[in-house]
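Here is what TrEMBL says about this protein:
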DOMAIN    26-476  domain 'Major facilitator superfamily (MFS) profile'
TRANSMEM  23-42  transmembrane segment
TRANSMEM  80-98  transmembrane segment
TRANSMEM  136-153  transmembrane segment
TRANSMEM  173-190  transmembrane segment
TRANSMEM  202-221  transmembrane segment
TRANSMEM  283-308  transmembrane segment
TRANSMEM  320-341  transmembrane segment
TRANSMEM  353-374  transmembrane segment
TRANSMEM  386-404  transmembrane segment
TRANSMEM  424-446  transmembrane segment
TRANSMEM  453-472  transmembrane segment
Amino acid sequence: MAGGFVSQTPGVRNYNYKLTPKVFVTCFIGAFGGLIFGYDLGISGGVTSMEPFLEEFFPYVHKKMKSAHENEYCRFDSQLLTLFTSSLYVAALISSLFASTITRVFGRKWSMFLGGFTFFIGSAFNGFAQNIAMLLIGRILLGFGVGFANQSVPVYLSEMAPPNLRGAFNNGFQVAIIFGIVVATIINYFTAQMKGNIGWRISLGLACVPAVMIMIGALILPDTPNSLIERGYSEEAKKMLQSIRGTDEVDEEFQDLIDASEESKQVKHPWRNILLPRYRPQLIMTCFIPFFQQLTGINVITFYAPVLFQTLGFGSKASLLSAMVTGIIELLCTFVSVFTVDRFGRRVLFLQGGIQMLISQIAIGAMIGVKFGVAGTGNIGKGDANLIVALICIYVAGFAWSWGPLGWLVPSEISPLEIRSAAQAINVSVNMFFTFLVAQLFLTMLCHMKFGLFFFFAFFVVIMTIFIYLMLPETKNVPIEEMNRVWKAHWFWGRFIPDEAVNMGAAEMQQKSV
Ligand code: BGC
């Protein structure tokens, strides 16, 4: 495939590369990193709605779930139960901070390997869990794994990909996440029908499969040219660049990478640097994009779709089936983003997806409100319940081609090398923190805010859509090391980027700014 759409920002260089089998295969394997995250996202909701699991570890919730008098909105409200889901994200938050150093010093692939390894141990703890402590320790280990993988994989993909196809490649991460979710929901569907404790053990224990896939993947993957240069292997980096770009004519890109690395080496403190005014756009974006991604409310669906569907009066099997359907829709719709993100750009997808999510959330909230009212009692007819599932699918589709993949793509492509690992660490930890909050608070919020919860998330979707419209410049086809020109040309961010920044090295810039 010939590359080279013309960038919209004046002065930005366009490299013209073909898609080589090597880069395709490498990124395909690299994207496995998303599987562990996805598998976990998809498995916990189903497991927490399985009766034998609740009986074994959360008998109080189990009793409440069975009670005919319980308010529908509050059936599953238990801090301990949500802690099971959310503890993983706290661990991921913490580990992403260490992972940033490992990713920088030892390369992206070793960070992925470590991610797979800790995830593997965590899956064993969970599969064989005898008590809550074992469950939680397992979850924490899984979280460490997710933190390492989420830190390194998006950066790996963005650096490997030809600039003109970076969006599509990076979206491979999200495809893998959703694939992991779908596989997990299918497994849950079958294991939920098993008698006794074996079902949930299989669901949790099978997390070892994606873990092994990443470990093997990481062992055979080459490191990115950027990382090789960063660690002093310039010759190897050039050969790697030539082989992944499928041509010997890589001098221009190679020189850009060398320059970027030289500059970044002189910049000693990525964490202090990112606070400098000239990196304000990256700092704000890497904080706000993951924050907003979580405030779309997507994980209410991801984690608790089976619980939510049971709340709507579906049987346990029908709930798991509906969760599977929403997962498959999400997977298919993520491909829309893969095929359009480098053509139409990030902004169009963000804005269109935002509007679609907004409309469907309002409709879902209104329907649940009408049917269950504030008291949370009542029954919902089959037709209405199906309509709600359809609306949830429309909402999920909107997320799947906008905030889902772009929430990972944009933060990983906007930062220059000298702050990249710090920026990605912020991105992952903010994402994990709000994933944790939503996971921890959702069931309580549903219990107290009732159908208003959907309006709560809709409100944030309005804010984030306006934010993107005003603050995010288009970054499609812009080589990562040339991103400064895009900020410079932006109506608001331009004031933070000194004129020389588009031509001058980071080290010189730092001296000027201090
Ligand atoms: C988000 C997750 C979400 C997943 C699937 C990812 O991009 O970061 O929080 O669960 O998409 O919807």
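Glycine residues also receive a Cβ, built from the backbone N, Cα and C atoms like all the rest.
Model, not experiment: these values are computed from the prediction.
Ranked by number of Cβ pairs under 8 Å to the transmembrane segment (136-153), the listed stretches 23-42, 80-98, 202-221 are led by 80-98. The recorded stretches the transmembrane segment (320-341) and the transmembrane segment (80-98) do not share 3+ CB pairs below 8 A when only pairs 6 or more apart in sequence are counted, and are therefore not in contact. With respect to Cβ pairs under 8 Å, the transmembrane segment (353-374) is most closely packed against 386-404, considering the stretches 80-98, 202-221, 283-308, 386-404. Here the transmembrane segment (386-404) has long-range neighbours at 174, 177-178, 292-293, 296, 298, 301, 305, 309, 312, 322, 325-326, 329-334, 336-337, 340, 349-350, 352-357, 359-361, 363-364, 367-368, 380, 464, meaning same-chain residues at least 6 beyond its ends whose C-beta is under 8 angstroms from one of its own.
Residues of the same chain lying 6 or more positions beyond the ends of the transmembrane segment (202-221) and with a Cβ under 8 Å from any Cβ of it are 26, 29-30, 32-33, 35-36, 38-40, 43, 46-47, 50, 109-110, 112-113, 115-117, 119-120, 122-124, 126-129, 138, 142, 145, 149, 156, 180, 184, 187-188, 191, 194.
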